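First up is the structure itself, then whatever we jot down about it.
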Amino acid sequence: MTRKERYKEVIEYFTKAMPEAETELNFENTYQLLVAVILSAQCTDKRVNMTTPALFQKYPNLDRLSKAEYDDVFDLIKSISFPGNKSRHLIGMAQMVMEKFGGTIPMTVEELVQLPGVGRKTANVITSVIDNQPNMAVDTHVFRVSARIGLTVNAKTPLATEQQLVSFVPTDLVYKFHHWLILHGRYTCLARKPKCTECGLTQICKYYNKTIKAEGMKSQGV
Ligand code: SF4
């Protein structure tokens, strides 16, 4: 099977299995999504969603957040991982948007990564979700699942994974593909113990055919 054929199969499978894939973070506008994605680093979306309502109530926009006190923000997000760094990043991000970008969150990856707490992954999420730009955010799930299925080959970094995925996935599906892989990694292709018996990709998955299936045959003395 060629890599192109593997991508075709994966797209066909997810189109049927997950037609409505989208982010599990709750947000109502660009500001809220940016804050939620910054908070979600090494933290579950569920935890972020429990935290953001109170934060958005106190700081409903960038202007208000840019004038926030560190201790007040810390208090509202202390149940999230790395609350100290994230409090500084949120306030710093809001201040930079107000001072450098005239109060409007920029919509290019190059500009977004200048903001405190915003790396390439976050910038790709914002530009793809808000502006439908064909940018692929690679988190731990996307990195692992792509490699297991065989969508990426010898990709040693998130950037290498991003470049390989973007070169094969049709432009209009990049945004959705990102969510397919995240949700698949979160609920089925788990890091320690992938639920292969519940997965519809066993026929084409490199990891399954090389590791899981081979181990099963070995234990049966085949
Ligand atoms: S077959 Fe198993 S390893 Fe392959 S994608 Fe599915 S769950 Fe992951």
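Backbone N, Cα and C define each Cβ position, glycine as well.
In TrEMBL this protein carries:
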type	residues	note
DOMAIN	39-187	domain 'HhH-GPD'
BINDING	Cys189, Cys196, Cys199, Cys205	[4Fe-4S] cluster binding site
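The Cβ centroid of Cys189, Cys196, Cys199, Cys205 marks the [4Fe-4S] cluster site; residues of that chain outside this set whose Cβ lies within 8 Å of it are Arg148, Ile149, Thr188, Pro194, Lys195, Leu201, Thr202, Tyr207, Tyr208, Ile212, given in sequence order. For the recorded site, Cys196 ([4Fe-4S] cluster binding site), the DSSP three-state label reads helix. Within the same chain, residues at least six positions away from Cys196 ([4Fe-4S] cluster binding site) with a Cβ under 8 Å of its Cβ are Thr202, Cys205, Tyr208, Ile212.
Its Cβ taken as reference, Cys189 ([4Fe-4S] cluster binding site) is surrounded by 24 other Cβ atoms within 10 Å in the chains shown. Remark: of the binding-site residues Cys199, Cys205, the most isolated position is Cys199 (fewest other Cβ atoms within 10 Å of its Cβ). Within the domain 'HhH-GPD' (39-187), the DSSP-based counts of helix, strand and coil residues read 100 helix, 0 strand, 49 coil.
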